[in-house]
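*Asks:* One structure, pasted below without further comment.
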Amino acid sequence: MVKHQPLQVYERQLCLSCITGIYGCRWKRYQRSHDDTTKWELLWSFILLFTFFLLLVWFYFWWEAHNDYNEFNWFLYNRSGEWSDGTVPILATTAAGFTYIAFLIVLAFCHIALGQQLNLHWLHKIGVTAALLTTIVGVISVNQTWGQEWDVIPISLQATGPFLHIGALAAITALSWIVAGQVARTEKMVVVLLYVGVLLALYVVPLYITSPCIMDPSTLKPRPDVIGHQGAPMLAPENTLWSFQRALQMNVTGLETDVAISLDGVPFLMHDRTLRRTTDVEKVFPDRQLDETSHFNWTDLQQLNAGQWFLKYDPFWTVHSLSPHEKDLIANQSVCSLEQLLKLASYHNTTVVFRLRRPPPEHPRYNSWINDTLHAVQQSGVPQSLHDMWLAQVRQLAPGLIQTSVEKRSPQSLLEYGISRLLLRYNRASTQEIRNFSGSNINLTLYTVNEPWLYSVLWCSGVSSVSSEAPHILKKVPYPIWLMRPDEYCLMWVSADLISFAVVIGIFIFQNYHMIRYRASGMRSYNPEQIMLSAAVSRSNRDINVMKEKLIFSEVRNGVGSAEELCEDNDYDYYTNRGISQ
């Protein structure tokens with residue numbers, strides 16, 4: 001009986017083994033293939049690519065939504081009743097998923113560049129499916145609960161669009177090396193047409209990129225005023241006296257707050273409908289923690305602590321930056337009355353913008369709440385107090401006060417009602433509308449603006465003022481982050497396109513020239529092992545290392561060593577096909 005064992009010896013390729021092993025768990029050389037990828041695996045490649053782009057948009061959305069994280073957490077609080085930073089798990093899972101999918105995309109491109117068959121391992125397929133489904137669920141959830149936040153994408157593109165275009169152009173240009181190599185090997189013109197279509201689309205994308213920051217710097221309007229929204233809530237508990245004092249230290253031009261009315265007719269500052277989030281009502285009045293804020297009298301409200309929650313929950317991750325003295329001040333803050341705020345504003349000659357919130361119908365001050373509020377305003381001596389609703393009643397009782405509308409109307413309609421100020425969320429006014437209001441002498445204030453990029457875009461648009469939770473951050477923005485003349489942007493755009501075009505043409509010419517020379521040498525199918533084998537055969541002292549295939553004859557009855565033993569002695573990688581004949 002003779003045992004035939006064909007033995008195949010390979011040069012070790014650590015890089016290729018790692019790429020095929022991590023992507024498809026094909027660690028052994030004979031598992032690799034230069035054949036075309038199957039249709040099933042092509043489908044998974046498209047799913048992987050789609051997941052990557054979906055996660056890219058999802059990641060970009062949450063990156064730019066940083067301006068409104070506090071708003072998102074407040075939405076979650078209203079639904080769950082418990083305060084927590086819901087952005088942390090979302091950001092962590094998004095970053096992990098995006099990194100994982102991007103890593104698989106890089107490995108897939110490496111397979112294509114090396115001419116290897118794409119064969120995604122089933123564990124990765126489960127991971128890609130989980131990432132895709134999780135992202136889709138997240139998109140649907142945000143669309144249902146926080147749909148207005150999607151507007152941050154087109155607004156942010158006004159600040160990032162020109163630079164994202166350059167980055168995308170650089171990435172697509174770099175891919176030309178892989179595309180040219182693939183075309184040179186397979187001569188599939190469909191790949192070229194698809195690639196050229198994407199490239200041409202990127203070349204003309206700047207025609208559709210608009211940004212108010214692409215303008216003549218000489219037409220830039222003065223720096224928008226910054227109004228402290230609930231004071232400086234990133235540095236101190238919102239709607240407390242210390243929060244407003246911190247905002248005034250940041251040179252704000254005004255203060256904005258929400259006003260409720262107590263059971264005994266004292267206007268006080270509170271944003272929520274209950275006292276649970278921003279006070280220790282659960283400790284002081286455990287049976288009344290879910291009661292409406294206006295169902296407490298002023299004596300009860302003065303017993304509550306309005307600062308300890310800030311140190312406990314650290315809603316803006318800023319407590320670590322506070323000094324021990326500031327922490328002591330925060331820990332002893334109480335509910336602030338409107339009178340206290342107005343006296344502080346009067347001392348600093350600062351404007352106050354406040355929203356009036358009517359108490360429930362069963363409240364004893366249901367019919368007199370406006371009178372109570374205006375009485376506190378008139379007693380304060382504040383130069384200007386701004387109101388945003390109940391305009392007719394306010395106009396009759398205090399015609400000297402400047403009134404602000406929160407309802408979006410045309411400039412002509414606002415002027416007819418004697419309204420010279422408009423307060424809107426930043427996504428509710430386009431650049432053209434901002435300029436129209438500015439030209440009509442309407443003082444437009446947009447809220448809530450915390451990020452320098454958003455402040456810069458609105459500044460270039462010509463907005464009069466912004467309401468911010470981060471006046472200490474906007475204070476450090478003395479000029480828009482970037483400002484570019486139209487001719488400068490056109491030069492940058494055309495130059496980038498020309499450079500990209502020249503690089504792509506050069507790569508295609510080089511790859512085709514290389515392939516023509518390679519085919520002329522008579523080696524029509526590239527196989528790294530064959531090249532290494534040919535180079536090794538010419539050296540007699542390395543015969544044992546360059547065997548491509550060797551037939552080992554062994555007499556089983558005589559005890560001759562097997563092929564496995566021979567290869568173990570010489571430290572070779574091999575595979576065997578065993579046959580037995582008599």
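Glycine residues also receive a Cβ, built from the backbone N, Cα and C atoms like all the rest.
Checked TrEMBL, it gives:
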DOMAIN    224-478  domain 'GP-PDE'
TRANSMEM  42-63  transmembrane segment
TRANSMEM  88-110  transmembrane segment
TRANSMEM  122-142  transmembrane segment
TRANSMEM  162-180  transmembrane segment
TRANSMEM  192-209  transmembrane segment
TRANSMEM  491-510  transmembrane segment
*Asks:* Report, as numbers and ranges, every residue of the chain located at least six residues beyond the transmembrane segment (88-110) whose Cβ falls under 8 Å of a Cβ in that stretch; write 'none' if there are none.
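*Replies:* Beyond its ends, the transmembrane segment (88-110) has Cβ neighbours at 19, 22-23, 45, 48-49, 51-52, 55-56, 58-59, 62, 118, 120, 124, 127-128, 131, 134-135, 138, 175, 178.
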*Asks:* For the transmembrane segment (162-180), which recorded stretch in the set 42-63, 192-209, 491-510 gives the largest number of Cβ pairs separated by under 8 Å?
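*Replies:* Checked against 42-63, 192-209, 491-510; highest Cβ contact count belongs to 491-510.
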*Asks:* Averaged over the domain 'GP-PDE' (224-478), what pLDDT does the predicted model reach?
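*Replies:* Looking only at the domain 'GP-PDE' (224-478), pLDDT averages out to 88.
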*Asks:* Does the chain bring the transmembrane segment (122-142) near the transmembrane segment (42-63), so that three or more CB pairs sit under 8 Å (pairs 6 or more apart in sequence)?
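*Replies:* Result for the transmembrane segment (122-142) with the transmembrane segment (42-63) is yes.
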*Asks:* Residues sitting near the transmembrane segment (42-63): Cβ under 8 Å, six or more positions beyond its termini, same chain?
*Replies:* 87, 90-91, 94-95, 97-98, 101-102, 104-105, 108, 118, 120, 125, 128-129, 131-132, 135-136, 138-139, 142, 149-150, 152-153, 156
